[in-house]
Amino acid sequence: MSGDRKRKLRLSKIYSFACCKASFEGDRSQIGGKGYSWVVFCNEPDSFEDGIRNSADNSVRSTKYTLATFFPKSLFEQFRRVANFYFLVTGTLAFTKLAPYTAVSAILPLIIVIGATMVKEGIEDWRRKKQDILVNNRRVSVHRTDGIFEYTAWKNLRVGNIVKVEKDEFFPADLLLLSSSYDDAVCYVETMNLDGETNLKIKQGLEATASLQGNLNFKKFKATVKCEDPNANLYSFVGSMEFEDQKYALSTQQLLLRDSKLRNTDYIFGAVIFTGHDTKVIQNSTDPPSKRSRIEKKMDRIIYFLFCILFLMAFVGSIFFGIITNDDLQNGLMKRWYLRPDDSTIFFDPKRPAAAALFHCLTALMLYGFFIPISLYVSIEIVKVLQSIFINQDIYMYYKEADKPARARTSNLNEELGQVDTILSDKTGTLTCNSMEFIKCSIAGVAYGHGTKEVEKAMYRRKGSSSILGHDIESEADDIRDSVDKKALIKGFNFADERIMNGNWVNEPHVDVICKFFCLLAVCHTAIPEVDEDTGNVSYEAESPDEAAFVIAAREFGFEFYQRGQTSLSTHELDPVSGKKVERKYKLLNVLEFNSSRKRMSVIVEDEERKIFLLCKGADSIMFERLANNGREFEEKTMEHVHEYANAGLRTLILAYRELDAEEYKDFDNKFSKAKNLVSANQELLIEEVSDEIEKNLILLGATAVEDKLQDGVPECIDKLAQAGIKIWVLTGDKMETAINIGFSCSLLRQGMKQIIIHLDCPEILALEKDGDKMAIAKASRQSVLLQISEGAAQLAAYKGSSQQALALIIDGKSLVYALEDNMKNMFLELAIRCASVICCRSSPKQKALVTRLVKSGTGKTTLAIGDGANDVGMLQEADIGVGISGVEGMQAVMSSDIAIAQFRYLERLLLVHGHWCYRRISSMICYFFYKNITFGFTLFLYEVYASFSGQPAYNDWLLSLYNVFFSSFPVIALGVFDQDVSARYCLKFPLLYQEGVQNVLFSWRRILSWMLNGFISALIIFFFCTKSMELQAFDAEGRTAGKDILGATMYTCVVWVVNLQMALTISYFTFVQLILVWGSIVFWYLFLLAYGEMPPHFSTNTYKVFIEALAPSPSYWIVTFFVVISTLIPYFSYKAIQMRFFPIYHEIVQWIRYDENIKDPEFCDMVRPKTMGSTARLSAKASPH
């Protein structure tokens, strides 16, 4: 439609509810008071009053740090971790005489670790900063002076500026709509980024400013707006505008919110009301909750446990040291004469043993600190970032049609993906496509449309029937395929029935009814046509996907709506008499719009014969009661068809009409106009009452059925997740019948499953609702819900002994209100978690979040929420893991999620493959970290015991410091990134593998302590084998014995070999990178020892030339290293061999299948497949005999 034509339209004349005038009654009396003190001087952004109000500028910031706060805030974040704070304290104490090593060797590793983490934080924040720069530098046309508009960046806008926004542009701030390309200042707004809704909203400026349609009109424009202060309420706005000595009331109809988009309107002029962080959308954006995985929380407890061991060792060692020191000087005799106890410092003074013991305790705390892995946190962060990159680059989770890969928006929760116990899913747009298609219709009591959808097939399979309304499913599938071959697919239209396609409807009975039916589809709507000037094709911009589907269907049936005028609609219709296309024009008199309470929409039109018709479409619950006695000819058949469609999960609407005589319409129009022009708080109610009077005595035409079809692969994905033992809840706003049938089609429900349905549609409650006694309704509803929950629990108890009987819980939104109350929610949760499937219908966004919180806190297990709309944000943020579907409902859910995927089916690979791998890798990595540090740290303790608790380390200072940084960390990082116990194919083939994460098999206290025990055993073997093999005989050919330098270097060599070969034994899946890092760490140790030993003695101290002169030439060194390493690894190797052969855990059984090629043996494979989990309906279905 051209801009000239749009400027001539005064759309407010035909709308009933959307463009109502604001009233000065009610809240507007508060303007000027507390909370309503905001004053805007339009077109005067530099006014004195504006300057002293201190309003926010229009730039936004989503970064965590600024240049000034990066270092202090980042350092604070790092030293909040107890391990890092401990190393800071010990590094500070290293500058005192208490330190058993030099200060530089203690501080440098801490600087490297903290620095690496800060660099990572800085890079992530810089990415957020770049996004902010892009948004803040978007361009918008702003009025400067004398009617001249210039482009400027969003960030430069000020409160009071006049801006011009053009079609398909975003609003840069919260604007007051002044005028638009339409004469009456109407515009269409898409709020997808705010509320997730794709339908367009109608906004209208004040009549007083509607004439300001050119740039020059704003040369002398001045107005003052007084309104509410900045707040987060998207759906309210109270204010007034003083313009040309008149005062006008303002409402949400005049407010255009930042980040919403202008659609179907060439341009608008608006005044900036709120900027930047004062805008409503930014006020609504809360900081995402800080989420930490269960493994990370448990890791903190393990570190506290190691601290306890460390303090205990230091305390016990200090007691022994005090006793020994006290005995050093007895009657002038010196036991440890080399310490000169007769002339000693306080650290070894036998006269002050208590003080010596205390100082020794501090020294020991510093020395034994190597029990705590300093590089653990930074290594885990590096590994998680690399794991996230692998998730992002997984080609099997890339959606080619929309060019959208998976995206891990945070790396903190990778391992949590492998521990999900319950999935809470939205339906529309998550399980379904949120793309409506016209599928079937019933006209004059005859059902049309042979397409059989997934939901219908599932429904009839469970009923054991192969036919639908007398048509065979398989033959209909063939018809559909033939139809698709003949005609290209049309978005929004998936209908096949030759009886009424291609103009064949003129040969059907009741031609007049069919003609009126198609005419109603073409005329009863608020869509706007857009004609492609090159091709002549017509496309439609509609307020909802359903409405677009109806207009497209009318076009395909031969009734093409192609033009909307000020008060007219033009169509091309197939004339049943001549069989030719004719142009018809309808005078549009009124539009009675749809809303949630009316549940219907009507238009009143006058045709070319001057006949007046009311055309109405609405929900069956509303429409059937409005039929005239002579308009019910097809009611019985239509109700039957509507019931079939609803059971198939299709959305249905009833179509009806009536003819109005001139006097009746004139009377209605007078009342309607009076109600529309009334400035009152009851305006909408009065309009609804007038509309209700005319929408009666209708004549039934038929019904429509549209489908929001399932996404590809949803049933298979849910089936696989269920086999993995994951519970799945669906939280939807749909009515119960639709949700149940979608449940059957997507494998959430199955035939023979006992359904526990909790609802409040019983006669007693309905009778109370008619009386309107709210207290009585609440009391009766609460009692009813409690009774139904108790009865459900009794049914569960009755079926407790039957493993083959699965139950499903289905509850509606009204009942959920009471089920979530404090005194009932635990009963509800207990009932729900014992059911195989749970569906919550008619759920509000808040209820979704509350249910998620209940499941998370009540079960204590990992929850994952998945959704695609802004109404799912609360649920995503409340769950342990939030997964956003980057679908058609905008990016609000994705921006609030932890991980974004394009299709629900990718959840299968995300959890069963990446989740399983990440959980296993991180668990093994942490266990190994503690193992290698205990092995290293306990050799220090044993040497201290061996040396009378002297506080002297067994190793050189720099060898102590670099152990965790260079000689043992890189292979464990490779383990965390690359290791696989089984391949992706086997993860999907044996989904029960996933239960290892849910049950936390690989990171239980038993497994953690067993790895610690392995570390203690390794340290004992290394220390005693090294000391006993060296203490009595000559070390080299010249007869020299081994001193501290040789013993320390030999033990260190054994430790490096042992921990790296232990890693090699732990790895299940070797890659070239892992081989290089394992052997590279060992080789690097020798190169470092050689290079470090060549440095001057004041730097290399007791390591000076120790390798080249003492160790390398001595066969004893190599022999001891070989036998000590082999002896140390034998206990673990033996245990692992016995355990895997005779007591394998699940992934080891699958490994046996893989290596023995037993996968070809069905009986053997069946041994490791799930029989029944008792947690999902599908597993029970698989266990039942066929």
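Glycine too: its Cβ is placed from the backbone N, Cα and C atoms.
Nobody curates TrEMBL annotations by hand; they come from automatic prediction.
As annotated by TrEMBL, active site, 4-aspartylphosphate intermediate applies to Asp426. Around the Cβ of Asp426 (active site, 4-aspartylphosphate intermediate), the same chain contributes Val730, Leu731, Thr732, Lys848, Ile866, Gly867, Asp868, Gly869, Asn871, Asp872, Met875, each under 8 angstroms and 6 or more positions distant in sequence.
In the structure as shown, the Cβ atom of Phe594 (ATP binding site) sits within 10 Å of 21 other Cβ atoms. The ATP binding site annotation in TrEMBL covers Asp426, Lys427, Thr428, Glu547, Phe594, Lys617, Arg651, Thr732, Gly733, Asp734, Arg842, Lys848, Asn871, Asp872.
Look at the domain 'P-type ATPase N-terminal' (42-106): DSSP puts its residues at 32 helix, 1 strand, 32 coil. Marked as domain 'P-type ATPase N-terminal' by TrEMBL: 42-106.
Taken from TrEMBL, the feature domain 'P-type ATPase C-terminal' applies to 894-1144. For the domain 'P-type ATPase C-terminal' (894-1144), the model gives a mean pLDDT of 89.
Remote same-chain partners of the transmembrane segment (79-95), defined as residues 6 or more beyond its termini with a Cβ less than 8 Å from a stretch Cβ, comprise 101-103, 105-107, 109-110, 113-114, 300, 303-304, 307, 362, 365-366, 369, 372-374, 376-377. Positions annotated as transmembrane segment by TrEMBL: 79-95 (among others).
The transmembrane segment annotation in TrEMBL covers 101-119 (among others).
Positions annotated as transmembrane segment by TrEMBL: 302-324 (among others).
Positions annotated as transmembrane segment by TrEMBL: 357-378 (among others).
Proximity of distant same-chain residues to the transmembrane segment (929-946), defined by a Cβ-Cβ separation under 8 Å and at least 6 residues beyond the stretch ends, is recorded for 302, 306, 313, 317, 364, 367-373, 376, 379, 952-955, 963-964, 968, 972, 1008, 1011-1012, 1014-1016, 1018-1020, 1022-1024, 1027, 1048, 1051, 1055, 1058-1059, 1062. What TrEMBL lists as transmembrane segment is 929-946 (among others).
Per TrEMBL, transmembrane segment is recorded for 958-978 (among others).
Positions annotated as transmembrane segment by TrEMBL: 1008-1026 (among others).
Per TrEMBL, transmembrane segment is recorded for 1046-1065 (among others).
Under 8 Å from some Cβ of the transmembrane segment (1072-1095) lie the Cβ atoms of residues 956, 958, 962, 966-968, 970-971, 973-975, 978-979, 1049, 1052-1053, 1056-1057, 1060-1061, 1063-1064, 1103-1108, 1111, all in the same chain and six or more residues away from its ends. Taken from TrEMBL, the feature transmembrane segment applies to 1072-1095 (among others).
The transmembrane segment feature in TrEMBL is assigned to 1115-1135 (among others). Nonlocal intrachain contacts for the transmembrane segment (1115-1135), taken as residues 6+ away from its ends with a CB within less than 8 angstroms of a stretch CB, comprise 1014, 1017-1018, 1021-1022, 1025-1026, 1029-1030, 1035-1036, 1046, 1050, 1053-1054, 1057-1058, 1061-1062, 1065.
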Neighbour tally for Asn871 (ATP binding site), based on other Cβ positions within 10 Å of its Cβ: 23
Outside the transmembrane segment (302-324), six or more residues from its ends: residues with CB under 8 Å to it: 82-83, 86, 336, 353-354, 356-358, 360-361, 364-365, 368-369, 371-372, 926, 930, 941, 944-945, 948-949, 951, 1008
Max pairwise CA distance, angstrom, over record-listed ATP binders Asp426, Lys427, Thr428, Glu547, Phe594, Lys617, Arg651, Thr732, Gly733, Asp734, Arg842, Lys848, Asn871, Asp872: 31
Cβ-Cβ neighbours of Arg651 (ATP binding site) (radius 10 Å): 20
Listed in sequence order, residues with CB under 8 A of Gly733 (ATP binding site) and six or more positions away: Lys427, Thr428, Gly813, Cys841, Arg842, Ser843, Ser844, Asn871
Number of other Cβ atoms within 10 Å of the Cβ of Arg842 (ATP binding site) across all protein chains: 18
